[in-house]
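Notes for the one structure printed next.
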Amino acid sequence: MFFTKVHGLGNDFILINAGTGEGLPDDCSTLAREMCDRRFGIGADGLVLLLDSEVADVRMKIINSDGSEAEMCGNAIRCVAKYLYEHGIVRKDEIKVETLAGIMVPQIIHNNGEVSAVRVDMGVPRLARADIPMLGPVGQVINEPLEVAGQTFNVTAVSMGNPHCVIFVPDVAAVPLSEIGPLLETHPSFPRKTNVEFVQTVSPGEVRMVVWERGAGPTLACGTGACAVAVAGVLNGYTEKKVTVHLPGGSLFIEWADNGRVFMTGPAEEVFNGEYTVYKQP
Ligand SMILES: N[C@H](CCC[C@H](N)C(=O)O)C(=O)O
């Protein structure tokens, strides 16, 4: 099985151009867990399968390193767009990608004859509690107290097709991410679990965040998470609708446009190609 290793700001993926899906196992969750294992496999935050689509240029199936399938992935879709363009598979500046969160439209950004970045229309954020999904009364979840391990966090919930629990703090460096992240990820208020973002406002146009991802744990970057953070910042009155989001792996530029849609701009890198053959011991 041939693969390409890609990343967006260090949020890394194994990308397989799978076409009809022939040759893939029925259970891709186990394949993802094995391939993503950083000791016994290739190592990655997730497995991205490119499949034929009847409604878009390609269908993107995202499987986290724990084997769970995600509705959408911001860093991966930038990598997918650049891969499709540079390999001549879809030689268009606007590429339609079918995902469980809907059809996303990454745009190739050129500079000096090269692909310098990808700008993605990430669609309209879902803010109704039921659409996150999150348990509780009808309405939005903005700066709402949530009890975790005897502590109370004020959370803002945003869905970019996948769920995000955003918490503003004075200093992200002081957040015990590995302790609190998994507790929030699996909090009973989130029936499909959630991604968890802690954010420090630097200025109305700049924030710093760390992320504990659903199904992957701490990652260097999260594209949908950066979008959720940008939306939460506006909802709480902390930031403007155009914001630079600094993550441990680098920065993304997010705009919540007047038409209600969120746009994310950032880099995508192809690192190496390989062939994955499982040699089961006899
Ligand atoms: N772990 C996420 C999927 C990957 C999202 C992230 N890597 C991104 O760049 O958006 C989830 O289960 O919702």
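From the backbone N, Cα and C atoms, a Cβ is placed for every residue, glycine too.
Record note: TrEMBL gives Asn11, Asn64, Gly74, Asn75, Asn195, Glu213, Arg214, Gly223, Thr224 as substrate-binding, and the candidate from Asn17, Asn162, Asn236 in that site is Asn162.
Those same-chain residues not listed among Asn11, Asn64, Gly74, Asn75, Asn162, Asn195, Glu213, Arg214, Gly223, Thr224 yet with C-beta within 8 angstroms of the centroid of the substrate site C-beta atoms are Ala70, Met72, Cys73, Val211, Ala216, Thr219, Cys222, Gly225. Reduced to three states, the DSSP call for Glu213 (substrate binding site) is strand. The most densely surrounded of the active-site residues Cys73, Cys222 is Cys222 (count of other Cβ atoms within 10 A of its Cβ). Listed in sequence order, Ala70, Glu71, Met72, Cys73, Ala101, Asn195, Arg214, Thr224 are the same-chain residues six or more apart from Asn162 (substrate binding site) with CB atoms under 8 A from its CB.
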